[in-house]
């Protein structure tokens, strides 16, 4: 699941692996706290995922670049410092340029520091692979996380409000067609949505495995 550099590795397969097989939510089952908390809308999902993607790329790149010079006794503290540096950049940029989104995401922006996805990729991949492939891994995992948060946020926002309108752009408006279920924008809706999606994903994987795929 977390390979060292192999002769048969290529950037495209590594990128796709992060979106599909090792998807942070449906493959590795990591980072569920922000996934549950911030996916009340597509806008929130995009904001959190883009921030996490930036931190993933930056921390993977930096950890991979300095990995041979990090003593084992201080490995984790060094990784946390690196991650916290990039999270601070995200926090300051969001506060300056997207204040409404910054307020909406709240404490979950600084909590990216301890997001299992970011720490997990630094530990399991960046420490064992070169800079280029560590960046590719981060892009794949970050893109997979982005797609999942958009999907979950879209489902919850549509069923909870009848409208999907990220950043003021109305993409779907079914307010006059469906009766919004407000609980979908609350915690029970988050658990229900993720449970249904995980059930579908696991069922499809079992079907594929049964067919020898």
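Each residue, glycine too, has its Cβ placed from N, Cα and C.
Keep in mind that what you see is a predicted model, and the values were worked out from it rather than measured.
Features of the protein shown, as given by Swiss-Prot:
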TRANSMEM  25-45  transmembrane segment
TRANSMEM  46-66  transmembrane segment
TRANSMEM  77-97  transmembrane segment
TRANSMEM  100-120  transmembrane segment
TRANSMEM  135-155  transmembrane segment
TRANSMEM  181-201  transmembrane segment
For the transmembrane segment (135-155), distant same-chain residues with Cβ under 8 A (at least six beyond the ends): 11, 14-20, 22-27, 31, 35, 38-46, 48-50, 52-54, 56-57, 59-61, 64, 117, 121, 125-126, 129, 164, 184, 190, 193-194, 197
Residue numbers, six or more beyond the limits of the transmembrane segment (77-97), whose CB comes under 8 Å of its CB atoms: 47, 51, 54-55, 58-59, 62-63, 66, 70, 105, 109-110, 112-113, 118-119, 122-123
For the transmembrane segment (25-45), distant same-chain residues with Cβ under 8 A (at least six beyond the ends): 1, 52, 101, 104-105, 108, 111-112, 115-117, 120, 144-146, 148-150, 152-154, 156-157, 160, 164-167, 171, 185, 187, 190-191, 193-194, 197-198, 201
Surrounding residues of the transmembrane segment (100-120) on its own chain - C-beta under 8 Å, 6+ positions past either end: 24, 28, 30-31, 33-34, 37-38, 43-44, 47-48, 51-52, 55-56, 59, 79-80, 83-84, 87, 90-91, 94, 141, 145
Chain residues in Cβ proximity to the transmembrane segment (181-201) (below 8 Å; excluding those fewer than six residues from its ends, i.e. six or more beyond): 25-26, 32, 35-37, 39-41, 151-152, 155-157, 159-161
